[in-house]
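Chemist: Structure provided below as structure tokens; questions to follow.
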């Protein structure tokens, strides 16, 4: 294999060296074989949405009629009888069972499944939680429901209406239901000019405008615009400004899906399973988010340290390189909470290992001990596949994770019962089967043994869509070649830079361009147009052709094959379930297993997991990062709607690779991005092997911008932690879209270049190169906004697009009046910060009122025994802090700043004692309050009058 060249970058007197890490230090790389490229090429598919000759199911299907309707205590049941079989994409089911259930005043379930469930996959509750009935069946009265179910019998169709207004929220009437073994389709009407959000995960703006086609199939691919990527969230939110209401529709299915958003309709398709629809009535956006997320699983409460700054890259290939990065952060006084490793630390890229030469255990542990002694943390990457050792190589064959797993029968199989062997980073690999009886026990042991050698603080799960670099069980009969190299060049060797680089770095750009031209060759890579044949491409009994189903979705891989960069749909689990039916939840069930394994290591310590693939309910176990983005401005912009979409999906702890993962960044982009990313819940810088270094100390400008933003972030840690807790108990996201905050203003529906953090902070980033200003809207009639840095009240017109000064190194940040923000003096780590004095930032609204909350606990316990809750209320020139809970905070209150005070007060009282104050530009500053709060800032209730 050709090694990538070294990249030398001089940064502030330092020389950083980034190497392409060898696959293993213990084997000669030149002797290593490669997975044959032809094994990575799938059978070319033509997606139906691009096939002009494809049959339109709506035009052909005859639908069903409804018979034998019976009322129940909670709704009704009935039988759907097929009017005429058309067998468009599979065979039609003749009889279906219909069940309608009013589950609560705000939730309705419509469930349709074949009467004969032979060979039909019904998603078990053990894999994906089912919303529960609320109330006593004997006393429940569905006439009190916010929702009403109505139906037509002869040509079956149904409507869900809002009971208070009779507004139709969902209607299939006039469109035939299609329900076959490999194709389910229904259509609903939408109002013209609709505002549809959700249906993640994809790189797209916040709104799903007419013409959007969402492919819901978990996919290992580097963040394409509009294509299917890592996660699947089958829920949409319909915000209607004519009635000022919002509702949500959730299809509880793990099937392969496709959603087509039209001008006045939405078509939803699935390639297996049953219809299990849940309607949430809202009526406000936050209401409906809370209703949905509460049912799929409230988000995990993250440890306090998770809110610190995280640094990573693919290319930290020795213990010494990690040590150097940590030392450089300290040298330049840039706060660093957590250092991460990509696959470099592994021995031959194998899970549960560390390279004996580059990451020897004794040296590695010494580094981690030093890190922990400084209250810092370490998180390694962990891939989904387990290496199959070469039985002809005694050294290679000594790999317990495979042998124990194989003996315990915990790996996925081919339909014939043999091991399904794909290919990932270490070579030919097998894949844990989380439906097998012994997998959790095996998983617990592997993680515990690994932790005893390498005491990590969290886990970063990757490649868990689940991904494979070849099509089908390509390692069957080939694992004797292990270790083998992936069928592509590893890392990045290009010379592309972000938009605007040629102008802002003209001399450097000239030399790069000349060097690229000098080394450019006319060599081209041939590409095969032939299709490969999957030897296991057989018809699954009773299910049809599941590797190549009759309806082809637009899977965003070059050949659209479902098995490209994935394991084949016919890979089989211990209970007979095939991947075709549950591919989309592999990440969810793997991350849940890791969560349980980490609890085995530390029974009452919050597991910290950042995962790539996700599904409805994943937020209960993990946070999420946005995957392999690109170092360019358009990707920086898309990080905002991606974050907002994840919030809607119940995963509020989200961030992206700041400065970009793929390609080379530059000083300007990295400065802007490091400041924007500092307001995301998860804050990490990460990039690809072979690209230039992009740690914030590489450029002085980036370093200064980063220090400024980390200082702001760390001062706001109590506020962020309070928002984490709010999200944990209610499901309300931390980052908030304009249309959630101001649901009655349709002109704000598509705003996703700005966002709120909680209710209090408005972030307006610069998202383009070469400018020293940005534009932003400040919504809300009579709303008051203050500049976060100067504390000055701003003179903005509600809804107007304002121009804001934003020189490089500055990101506009405003406080919305009516909020009280708890703060704390920032330290180098979150642990240091927690030892420092508190402050309060009070931003009065136009009526002179404000409110806020503070939540604190020990920052790590799963079962919190002692917590502190503080409610802040300001009104009529008086602030009152009401304290609840037993958690003891010894740090004093040092300062309080009150914004929006029209005239200087004659005196200020703290618990009726006069305190000194300063007054400037409408702000009252109180300092030296420690003497009043020696027992702790929130040891008791206090008041401030002015």
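FYI, residue positions are counted from 1 along the chain as it appears here.
Even glycines carry a Cβ here, placed using N, Cα and C.
Reproduced below are the annotations present in Swiss-Prot:
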- 628: active site, proton donor (ACT_SITE)
- 517-532: compositional bias 'Low complexity' (COMPBIAS)
- 51: N-linked glycosylation site (CARBOHYD)
- 68: N-linked glycosylation site (CARBOHYD)
- 187: N-linked glycosylation site (CARBOHYD)
- 244: N-linked glycosylation site (CARBOHYD)
- 406: N-linked glycosylation site (CARBOHYD)
- 437: N-linked glycosylation site (CARBOHYD)
- 570: N-linked glycosylation site (CARBOHYD)
- 704: N-linked glycosylation site (CARBOHYD)
- 772: N-linked glycosylation site (CARBOHYD)
- 801: N-linked glycosylation site (CARBOHYD)
- 895: N-linked glycosylation site (CARBOHYD)
- 912: N-linked glycosylation site (CARBOHYD)
- 1-20: signal peptide (SIGNAL)
Chemist: In whole Å, how far does the CA atom of residue 244 (N-linked glycosylation site) lie from that of residue 801 (N-linked glycosylation site)?
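Modeler: On Cα coordinates alone, these residues lie 23 Å apart.
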Chemist: Would you mind pulling the DSSP three-state label for residue 406 (N-linked glycosylation site)?
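Modeler: Going by the DSSP assignment, residue 406 (N-linked glycosylation site) falls within a helical segment, counted as helix.
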Chemist: Taking 51, 704, 912 as the glycosylation sites to compare, which has the smallest set of other Cβ atoms within 10 Å?
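Modeler: Ranked by other Cβ atoms within 10 Å, the glycosylation sites 51, 704, 912 bottom out at 912.
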Chemist: Give me the CA-CA distance between residue 68 (N-linked glycosylation site) and residue 187 (N-linked glycosylation site), in Å, as a whole number.
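Modeler: Rounded to a whole number, the Cα-Cα distance is 24 Å.
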Chemist: If you count Cβ atoms within 10 Å of each one, which of the glycosylation sites 68, 187, 244, 437, 801 comes out on top?
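Modeler: Its Cβ has the most other Cβ atoms within 10 Å: 187.
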Chemist: Of the recorded positions 628, 772, 895, which one has its Cα closest to the Cα of residue 51 (N-linked glycosylation site)?
Modeler: 628
Chemist: Counting distance between Cα atoms, which of the glycosylation sites 187, 704, 772 is nearest residue 437 (N-linked glycosylation site)?
Modeler: 187
Chemist: Check the Cα-Cα distances from residue 912 (N-linked glycosylation site) to the recorded positions 406, 628, 704, 772, 895 and tell me which is shortest.
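Modeler: Looking at Cα distances from residue 912 (N-linked glycosylation site), the smallest one goes to 895.
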Chemist: Ranked by the number of other Cβ atoms within 10 Å of their own Cβ, which of the glycosylation sites 406, 772, 895 ranks first?
Modeler: 895
Chemist: Whole-number Å distance between the CA of residue 570 (N-linked glycosylation site) and the CA of residue 772 (N-linked glycosylation site)?
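Modeler: Spelling it out, the Cα of residue 570 (N-linked glycosylation site) and the Cα of residue 772 (N-linked glycosylation site) are 54 Å apart.
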Chemist: Determine, using Cα-Cα distances only, which of these recorded positions is closest to residue 406 (N-linked glycosylation site): 187, 628, 704, 801, 895.
Modeler: 628
Chemist: Tell me which residues of the chain lie with their Cβ under 8 angstroms from that of the residue listed as 'active site, proton donor', as long as they are six or more apart in sequence?
Modeler: 222, 223, 657, 661, 662, 688
Chemist: Measure from the CA atom of residue 895 (N-linked glycosylation site) to the CA atom of residue 187 (N-linked glycosylation site) and give the result in Å, rounded to a whole number.
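Modeler: Cα-Cα, rounded: 58 Å.
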